[in-house]
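Take a look at the structure set out below.
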Amino acid sequence: MNKEDKYATLVLFGATGDLAKRKLFPALYSLYCDGYLPERFAVVGLGRRSLTQEDFYHHIKDSLEAFSRYDIRPEDWEGFIQRFHYVQLDINQASDYEALASYVEKLEQRQEINGNRLFYLAIAPGLFEPVTFQLKEAGLLQTKGWKRLIIEKPFGHSHESAEELNDKITQVFKEEEIYRIDHYLGKEMIQNIQVIRFANSFFEPLWNNQYIASIQLTSSETVGVENRGSYYDKVGALRDMVQNHMLQMVTMMAMEPPSRLKAEAIRDEKVKVLRSIRRMETEQEIQEHVVRGQYEAGELQGEGVKGYREEQNVAEDSSTETFVAAKIMVDNFRWAGVPFYIRTGKRLPSKATEIIIQFKSMPYLYFNKDGNLAPNLLVIQIFPEEGIHLKFNAKKPGTEGSILPISMDFCHDSTVGINSPEAYERLLNDVLEGDSTYFTRWDEVSLAWKIVDPIIQSWEKSEGIPLSTYKAGQWGPTEAKELLEKDGFHWWQVFGEK
Ligand SMILES: NC(=O)C1=CN([C@@H]2O[C@H](COP(=O)(O)OP(=O)(O)OC[C@H]3O[C@@H](n4cnc5c(N)ncnc54)[C@H](OP(=O)(O)O)[C@@H]3O)[C@@H](O)[C@H]2O)C=CC1
Ligand SMILES: O=C1O[C@H](COP(=O)(O)O)[C@@H](O)[C@H](O)[C@H]1O
C-alpha cells in the first residue's frame, strides 16, 4: 500500500478509560517502537473529564510504565508523545462535536494528514449509537480520506439488540468501514491456526472426522470479576466469552480453506461454520450439552478467595454464570460426529488458553491390547506460552519394549526469543492497513447470537437448567467433567495447570 494511505488521525473516545490505559496506549507505543506507526499520525484522545495536555501525557506515561512490553526510552518517548492531543468532550453534547470537528481539521492541516480518520469507540456499549450519529451530524465523516470505525465489545446483549445496534451504525458507516473487535482474533497463535492448517501437508489430510475424535477449547482465568461486577453480573460467561471468543476459535479450527487469503473469503468460510453449528433449541438439548456454573468461596494459588455473590456490585442472589462448558456439533461433511468441547470460566486453577485436538485411536492395538495406548494429541497453546505440541507414542529406550508417550514441542516464545506483539497491536495495525480479516463481520456476530440466544432464554426461565456451583480453584462444576465422560472423553490437563 501507498504510505500516505496509512497517514491518519485516530479519534479515541474513552481515552481516559481502563481499556485505553491497559491496552491501547501500550499497543500504540509498541507499534511506534517497531516502526509500524505511520510518520504522520495523530491521536486525539477524548474524555469527559477536564485534563491539561500535561495531565494527558502523564496519564499515558503511567499507562506505559504499568502495561507496556517495551521500556520507555527517552528517544522514543519524545517522538511518540508529541502525536497525542487531549480534547474534553461530552458524548451527549452536540456542540462538543462541532468543536472536535474544527480541532481535527486544523490538526490535519498542521500535520499534513490527508483526511484519513479512524474513530475508536472505547466506551460503554450504550454510547456506541449516539456517538456515530453525532459524528455524522457534526460533519466529521465528510472527509477527503477514508473513514473507519473500531467498535469494542460487547456488540449487543442478544440477537435483537445487536441487530438494532447494527442497523443504526450502518446508517452512518458502511460494513467495510466497521471493524468489530474480538481481541482473540489478534492473538498470535489464533492467527497461526490458518498457517498450521493450510501450510502443512501433513496436518490438512488428517483435519476431519476420519482422523479426529474430538477437539477441546479452553480459556480459563484465575481472576474473578474484579472491579467489573456491575458489567459482568448482567452479562455472564456465555455472552462475555462464548458468543465471541470461543465461537471464533471454533470457526478458525473448523473452516474450510478459503478460495483466497483475503478478508471476505476467509470470513465467508467462518460464516459457513457458524451456519453448520447445530442449534440447541429444546430445554432437553441444552441441558444435555451445556453446563453453567458459578464460583463459591475457595482457595486459589494458596490464598482464600471469596465467592462470586460476595463480589463488589454483584447481586446477593445472582444467578449469573461464571463458567460455561458446552458440546458443540458442526454438522457438515468434514466434522459430522466430532464434538467440539468448549469451556471457559473465572476463578479456575490456572490462566490458560489452548486447543487440544484428540486423534482417533489406531484400528488395532498391537501394543497395548487393553486399549490404554495414549491417543495422539495436537496442542495449540495460545496462552501463557505460545506453542504447538504434538504428543505421540514411541518405544521406551531399553530392552523392556514398553511404550512411552512423548512430545514434540515448538514453543514460539522461546524459539523466536521475543516479546510477541499483543493482540491490540496487530489489530490496530490491521485497521490502519484497511485489513478486516481478523475482525468480525456482521453476519458472524448475528449467527453467533443466534447460537447462544436460545441457551440464554432457557436459563432465564426459572424452571430451566440448574446453575451448578464450583469452589474457586476447581475446574468448574462436576457436570463439566461428566459432559465429556458420557461420550468416553475427558478434559486433558491444561498446560498451564500445575
Ligand atoms: N477494560 C477492558 O479490559 C475491556 C474493555 N472492553 C470494552 O471497552 C469499552 C471501554 O471499557 P473501559 O475502558 O473498561 O471503560 P471505562 O469505564 O474505564 O472508561 C469509559 C470511558 O468512557 C468515557 N465516557 C463515559 N461517559 C462519557 C461521556 N458522556 N462523554 C465522554 N466520555 C465519556 C470515560 O471518560 P471519563 O473517565 O473522563 O468520564 C472513559 O474514558 C467497553 O465497551 C468495554 O466493554 C472490552 C474488552 C476489555
Ligand atoms: O473479552 C474478555 O476477555 C477477557 C479474557 O481475555 P484474555 O485475553 O485475558 O484471555 C476476560 O477476562 C473478560 O471478562 C472478557 O470481557
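Just so you know, the numbers here start at 1 and follow the chain as drawn.
Heads up, the Cβ atoms here are built off N, Cα and C, so glycines get one too.
Curation plays no part in TrEMBL annotations; they are all automatic predictions.
What TrEMBL records for His245 is active site, proton acceptor. If you draw a 10 Å sphere around the CB of His245 (active site, proton acceptor), it holds 22 other CB atoms from the protein chains shown. His245 (active site, proton acceptor) falls within a helical segment according to DSSP.
DSSP assigns Gly14 (NADP(+) binding site) to coil, not to a helix or a strand. Summarising the annotation, TrEMBL assigns NADP(+) binding site to Gly14, Ala15, Thr16, Gly17, Asp18, Leu19, Ala20, Lys21, Arg48, Asp90, Ile91, Lys153.
Reduced to three states, the DSSP call for Asp240 (substrate binding site) is helix. What TrEMBL records for His183, Lys187, Glu221, Asp240, Lys346, Lys351 is substrate binding site.
Annotation source TrEMBL lists domain 'Glucose-6-phosphate dehydrogenase NAD-binding' at 11-192.
Sequence annotations record features per position, and here TrEMBL assigns domain 'Glucose-6-phosphate dehydrogenase C-terminal' to 195-492. Over the domain 'Glucose-6-phosphate dehydrogenase C-terminal' (195-492), the average per-residue pLDDT in this prediction is 92.
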When the Cα of Arg48 (NADP(+) binding site) is compared with the Cα of each of the binding-site residues His183, Lys346, Lys351, which one is closest?
His183
Based on Cα distances to Gly14 (NADP(+) binding site), point out the closest of the recorded positions His183, Lys187, Glu221, His245, Lys346.
His183
Among the recorded positions His183, Lys187, Glu221, Asp240, His245, Lys351, whose Cα is within 10 A of the Cα of Asp18 (NADP(+) binding site)?
none
